[in-house]
Amino acid sequence: MSKTAVKDSATEKTKLSESEQHYFNSYDHYGIHEEMLQDTVRTLSYRNAIIQNKDLFKDKIVLDVGCGTGILSMFAAKHGAKHVIGVDMSSIIEMAKELVELNGFSDKITLLRGKLEDVHLPFPKVDIIISEWMGYFLLYESMMDTVLYARDHYLVEGGLIFPDKCSIHLAGLEDSQYKDEKLNYWQDVYGFDYSPFVPLVLHEPIVDTVERNNVNTTSDKLIEFDLNTVKISDLAFKSNFKLTAKRQDMINGIVTWFDIVFPAPKGKRPVEFSTGPHAPYTHWKQTIFYFPDDLDAETGDTIEGELVCSPNEKNNRDLNIKISYKFESNGIDGNSRSRKNEGSYLMH
């Protein structure tokens, strides 16, 4: 294969659902790619993982799922891959073609436009899959489904997936001022009662940066996925958690984040990164779920709960999330401060 080739899309966009069209169109503009490229935690982690495993990439066929501007494809080609196939549905792949040619990788990288399920790969099997598929709360936009499709249809037995391990974590947080501002605003809007908006506001998780000192409980690992073995059905999950208050404080909700781990040569520490409040900033930030009530916690009080996550029935790239919890408080007035409640949320 001697020429980078982007032909007409293998997928006819007009035949996609409106939500699918909106999703792919959102990646047409350079701005979203600029934000991802400038996320050095994200981009350098991929580069460093490829460099650490350059012996494994040498002379291998690599599939880049959702290649965007082609940065991961070029990392792989630069560090020894025999050939890289980049697949993307959005029009940004036209720019990727220009970038690949400009940087001298036309003979090593083939770009295909379309959904992975629709394109025809120039090789029957690949040795390595690379993909930056993660969304907010890890699973939002459900691109992991496509990576698993690539694994099941194209990856050789014993092939590698970069990254291959991921986990979702959560902790309690104090965020009274911001929560009050968001909710109290609707009590008096230019002299009118707009309080019916309050449940709608609570129903929507917030993606934002949480300061480390706002986290006021222990953390817990909600779930872990191994991309070598996980099934699409596993991505709809139910998981229990337990958190313990680390100080006397209000607990207004939970903050969630995810951790990522790449394969590593035997005896080497793997490249990994976290998107939590304790870690350097990433464009994924954190995802906040406000509780229906505020918990008045003393040191050692506990929250035990269950989080249920599933694709939304109208748009499977959105997520339905339900959090039920039991807050048990100690002390003289512990009974009056204890709570049992649940909240339902939609990430869209």
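Here the Cβ of each residue, glycine as well, is placed from N, Cα and C on the backbone.
Under the three-state DSSP scheme, GLU132 (active site) falls in the coil class. What Swiss-Prot lists as active site is GLU132 (among others), and the listing cites similarity to another entry.
DSSP assigns GLU141 (active site) to coil in the three-state reduction, placing it in neither a helix nor a strand. Per Swiss-Prot, active site is recorded for GLU141 (among others), and the stated evidence type is similarity to another entry.
Annotation note: ASP88 (S-adenosyl-L-methionine binding site) sits in a strand segment as assigned by DSSP. According to Swiss-Prot, the S-adenosyl-L-methionine binding site annotation covers HIS33, ARG42, GLY66, ASP88, GLU117.
Among the features that Swiss-Prot reports, domain 'SAM-dependent MTase PRMT-type' is placed at 20-322, with the record citing sequence analysis.
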Spatial neighbours, same chain, of GLU132 (active site) - Cβ under 8 Å, 6+ residues apart: MET36, ARG42, TYR46, GLY66, GLY68, LEU72
Secondary-structure category, per DSSP, in which GLY66 (S-adenosyl-L-methionine binding site) falls: coil
Structural state of ARG42 (S-adenosyl-L-methionine binding site), classified by DSSP into three states: helix
HIS33 (S-adenosyl-L-methionine binding site): secondary structure state under DSSP, collapsed to three categories: helix
Neighbourhood of GLU117 (S-adenosyl-L-methionine binding site) by C-beta distance under 8 A, where only residues 6 or more apart in the same chain count: THR146, TYR149
ASP88, GLU141 as recorded positions, winner by CB count within 10 A: ASP88
Per-residue pLDDT averaged over the domain 'SAM-dependent MTase PRMT-type' (20-322), given as an integer: 95
